[in-house]
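As structure tokens, the structure follows; a few thoughts come after it.
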Amino acid sequence: MGSVLGLCSMASWIPCLCGSAPCLLCRCCPSGNNSTVTRLIYALFLLVGVCVACVMLIPGMEEQLNKIPGFCENEKGMVPCNILVGYKAVYRLCFGLAMFYLLLSLLMIKVKSSSDPRAAIHNGFWFFKFAAAIAIIIGAFFIPEGTFTTVWFYVGMAGAFCFILIQLVLLIDFAHSWNESWVEKMEEGNSRCWYAALLSATALNYLLSLVAVVLFFVYYTHPASCAENKAFISVNMLLCLGASIMSILPKIQESQPRSGLLQSSVITVYTMYLTWSAMTNEPETECNPSLLNIIGYNTTSTVSKEGQSVQWWHTQGIIGLILFLLCVFYSSIRTSNNSQVNKLTLTSDESTLIEDGGARNDGSLEDGDDVHRAVDNERDGVTYSYSFFHFMLFLASLYIMMTLTNWYRYEPSREMKSQWTAVWVKISSSWIGIVLYVWTLVAPLVLTNRDFD
């Protein structure tokens with residue numbers, strides 16, 4: 001009897017696996033908009049992939065992966081498999097994830113509303129989609145080595161570069177939303193308290209940036225041969241200073257009332273992080289001491305028979321993972337009305353979460369119904385671009401691949417280490433990021449015939 005009841009209970013989940021409403025998550029969470037719940041499920045699936053990739057770097061997993069026929073062929077005697085297997089496994093796992101999201105991105109081009117038949121694939125059929133993703137990942141492990149790793153390294157680097165820029169756009173959006181929220185509360189009442197909070201947050205960001213610059217000059221510019229680091233630190237410091245001054249100019253304030261030092265302080269902190277991340281990827285080890293070595297601890301490395309040391313877990317990599325998680329989940333629940341950012345991310349100006357309280361009662365939720373459901377709030381039009389969202393997750397998969405492997409590239413010269421290419425990718429992304437932020441400030445002054453409200 002118990003078995004029959006158990007089967008009936010399991011059968012009740014079948015509509016969730018195949019239907020259009022992502023009720024797998026809704027059963028655990030309050031009722032919400034379909035547009036938000038769907039994005040959260042895709043983000044959670046990517047998070048599971050990240051966790052599996054991290055497990056694949058654990059030494060205990062390497063022996064199991066080594067049992068795959070031909071997985072380490074032609075590498076014997078050049079780079080030990082106990083180093084290379086984890087590296088290749090992460091590449092193949094992220095390749096599968098990236099292809100899954102890229103296929104969905106192509107499939108969802110120009111979906112305008114949930115009435116489009118393709119929207120049902122986006123918002124439902126979870127079992128079949130995830131089964132397909134797992135099949136793609138498994139198939140990726142049987143791709144012949146050849147030039148796959150080298151080619152995918154450069155593809156991953158380009159994708160990670162684009163995702164860093166998306167991170168910056170979302171960071172600008174977050175800073176604007178943060179500033180607007182606190183300014184509104186300051187105007188509503190208790191202005192001194194909220195003004196102090198706003199000032200404290202801004203001062204803290206600039207203080208962290210100043211401390212970072214000092215530490216960079218102390219630990220990353222010696223010996224004298226580390227001239228590139230001196231240039232990177234100095235240039236980015238001056239660029240951040242210029243952007244901060246520009247954000248409070250009278251003309252900028254007149255055309256962009258939302259601009260201020262809080263946003264520029266957030267951008268400054270992120271730019272300092274990118275500068276640090278770039279310097280830790282320099283091939284010359286004397287110019288890029290790890291954070292743990294700086295504070296007096298030894299980092300864990302994998303040492304090959306040739307005495308080569310490959311350190312898989314860097315502090316900047318861990319911070320990169322944290323930023324990645326915050327970025328992906330923020331993009332899944334963001335409610336910004338910033339029109340400039342919404343145009344860049346192809347998102348509707350309408351809020352996707354605030355509508356929960358005022359969602360139309362069209363039968364999706366019945367009075368007295370205790371079942372948690374997702375309300376279809378996209379019948380008249382989608383609140384975000386399905387295609388762009390999946391493309392962002394495609395880029396996120398590449399960013400994770402590069403972060404987990406510390407931007408290492410396998411070299412036939414029996415070495416696995418970072419390249420100057422990785423350094424310039426990160427530094428150039430920091431420069432482009434500052435240019436993008438400055439453009440959000442000056443665009444209303446340059447393009448006077450356009451509405452930037």
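Cβ coordinates are placed from backbone N, Cα and C, and glycine is handled just like the others.
Residues annotated as N-myristoyl glycine in Swiss-Prot: Gly2.
Annotated phosphoserine per Swiss-Prot: Ser351 (among others), in sequence order.
Annotation comment: Swiss-Prot describes Thr352 as phosphothreonine, evidence class similarity to another entry.
Look at Swiss-Prot and you will find Ser364 (among others) tagged as phosphoserine, backed by similarity to another entry.
Look at Swiss-Prot and you will find 2-39 (among others) tagged as topological domain 'Cytoplasmic'.
Marked as topological domain 'Lumenal' by Swiss-Prot: 61-88 (among others).
Taken from Swiss-Prot, the feature topological domain 'Cytoplasmic' covers 110-123 (among others). Assigned with DSSP, the residues of the topological domain 'Cytoplasmic' (110-123) fall into helix, strand and coil as follows: 7 helix, 0 strand, 7 coil.
Sorting each residue of the topological domain 'Lumenal' (145-151) by its DSSP state yields 4 helix, 0 strand, 3 coil. Look at Swiss-Prot and you will find 145-151 (among others) tagged as topological domain 'Lumenal', backed by sequence analysis.
Mean predicted confidence for the topological domain 'Cytoplasmic' (173-197): the pLDDT average there is 79. Positions annotated as topological domain 'Cytoplasmic' by Swiss-Prot, on the basis of sequence analysis: 173-197 (among others).
Summarising the annotation, Swiss-Prot assigns topological domain 'Lumenal' to 219-231 (among others). Under 8 Å from some Cβ of the topological domain 'Lumenal' (219-231) lie the Cβ atoms of residues 276, 279, 282, 284, 286-289, 294, 423, all in the same chain and six or more residues away from its ends.
Per-class residue totals from DSSP over the topological domain 'Cytoplasmic' (253-259), listed helix then strand then coil: 3 helix, 0 strand, 4 coil. Swiss-Prot lists 253-259 (among others) with the feature topological domain 'Cytoplasmic'.
The topological domain 'Lumenal' annotation in Swiss-Prot covers 281-309 (among others), and the record cites sequence analysis as its basis.
Sequence annotations record features per position, and here Swiss-Prot assigns topological domain 'Cytoplasmic' to 331-387 (among others) based on sequence analysis.
Here Swiss-Prot flags 409-426 (among others) as topological domain 'Lumenal'.
Among the features that Swiss-Prot reports, topological domain 'Cytoplasmic' is placed at 448-453 (among others).
According to Swiss-Prot, the feature transmembrane segment maps to 40-60 (among others), an assignment based on sequence analysis.
Ranked by Cβ pairs under 8 Å to the transmembrane segment (260-280), the stretches 40-60, 89-109, 124-144, 152-172, 388-408 are led by 152-172. Counting residues 6+ beyond its ends, the transmembrane segment (427-447) has Cβ neighbours under 8 Å at 161, 164-165, 168-169, 172, 232, 235-236, 239-240, 243, 246-247, 251-252, 255-256, 259, 263-264, 267, 270-271, 274-275, 278, 340 in the same chain.
Ranked by number of Cβ pairs under 8 Å to the transmembrane segment (388-408), the listed stretches 124-144, 152-172, 232-252 are led by 152-172.
A contact between the transmembrane segment (89-109) and the transmembrane segment (198-218) is absent, since fewer than 3 of their C-beta pairs, 6 or more residues apart, lie under 8 Å.
Just going by CB pairs under 8 A, the stretch in 40-60, 152-172, 198-218, 232-252 that sits most against the transmembrane segment (124-144) is 40-60. Under DSSP, residues within the topological domain 'Cytoplasmic' (173-197) fall into helix, strand and coil as 23 helix, 0 strand, 2 coil.
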